[in-house]
Amino acid sequence: MSFALAFPVFDPVAFAIGPIVIRWYALAYIGGIVIGWFYARALIKNRRLWGGAAPIPLIAWDDFILWVTLGIILGGRTGYVLFYNLDFFIAHPIEIIELWKGGMSFHGGFLGCVIAVLAFGWNRKLPVATLGDLTCAVGPIGLFLGRLANFINSELWGRPADPSLPWAMVFPTGGPLPRHPSQLYEAALEGVVLFVILALMIRAGALRRPGLILGSFIGLYGVARIIGELFREPDPQLGFLWGGLTMGMLLSVPMVIVGAIVAARAWRRAPLTASASAGHT
């Protein structure tokens with residue numbers, strides 16, 4: 001017997017102010033950046049987490065937000081163009097700048113963030129590993145909101161599920177088959193679980209080992225994404241790749257390896273002392 005749920009009807013527009021229309025996906029980006037900004041400021045101001053003053057000044061973090069926002073948007077769009085739909089955008093290059101139609105890649109956005117961290121850190125002569133730690137500490141917030149927006153938009157739905165699965169759902173654009181609400185799985189794994197793990201690590205003193213949160217985020221996100229991809233329908237223009245893998249899996253495997261290496265190296269280094277971590281607030 002089928003118990004598939006009907007997908008709830010959501011308006012893709014969160015709200016409108018005159019001619020200005022704000023969609024849920026845009027609101028997720030805005031919310032993730034703003035909430036993440038405040039959360040990172042709280043981490044910077046908590047001297048106990050650093051064993052002294054944080055190596056990143058508050059004013060520097062405030063300036064960095066613009067850099068990382070550009071990295072997320074430009075990197076996310078570039079990654080989607082290159083990794084997921086290159087042939088289409090070669091034929092329709094003008095659509096590359098039409099961001100309101102959707103099409104962003106986490107892996108591209110992450111690379112954009114890496115470039116922003118490196119460029120800003122070197123420009124301001126700040127510890128790049130610590131800047132990366134702060135950026136990755138807030139990352140799950142945006143991931144959680146972004147996956148909820150994917151669900152609201154009825155996009156990136158899951159693979160067909162057993163009709164007896166209590167939470168199997170029929171999506172408006174997914175045909176008649178009940179499917180896994182994989183967006184919610186990913187919101188839980190990439191957002192809630194990853195945030196809790198990193199928060200517990202920070203509470204235990206991980207910020208005193210520059211690069212530990214950075215490496216842990218990279219590796220754990222890769223694991224979470226690979227698990228999520230097991231339930232997510234592959235992008236139709238790509239389908240399954242070698243050995244039944246998806247593009248998301250292929251892009252995430254290197255993250256697991258790189259993350260483990262970065263975290264291991266950070267763990268082997270001696271933790272910051274009060275004098276070594278002294279910075280500005």
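Note that Cβ sites are derived from N, Cα and C of the backbone, with glycine treated the same way.
Database features, via Swiss-Prot:
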TRANSMEM  24-44  transmembrane segment
TRANSMEM  56-76  transmembrane segment
TRANSMEM  102-122  transmembrane segment
TRANSMEM  126-146  transmembrane segment
TRANSMEM  187-207  transmembrane segment
TRANSMEM  211-231  transmembrane segment
TRANSMEM  238-258  transmembrane segment
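Only sequence-distant pairs (6 or more apart) were considered; of these, at least three Cβ pairs between the transmembrane segment (24-44) and the transmembrane segment (126-146) are under 8 A, so the stretches are in contact. Against the transmembrane segment (102-122), the recorded stretches 56-76, 187-207, 211-231, 238-258 differ in Cβ pairs under 8 Å, and the greatest number is found for 56-76. Counting only same-chain residues 6+ beyond the ends of the transmembrane segment (187-207), those with a CB under 8 A from a CB of the stretch are 43, 49-51, 54, 130, 133, 136-137, 139-141, 143-145, 147-148, 151, 213, 216-217, 220-221, 224-225, 227-228, 271.
For the transmembrane segment (211-231), the list of distant contacts is 106, 129, 132-137, 139-140, 143, 158-159, 180, 182, 185-186, 189-190, 193-194, 197-198, 201-202, 246, 248-249, 252-267, 269: same-chain residues at least six beyond its ends, Cβ to Cβ under 8 Å.
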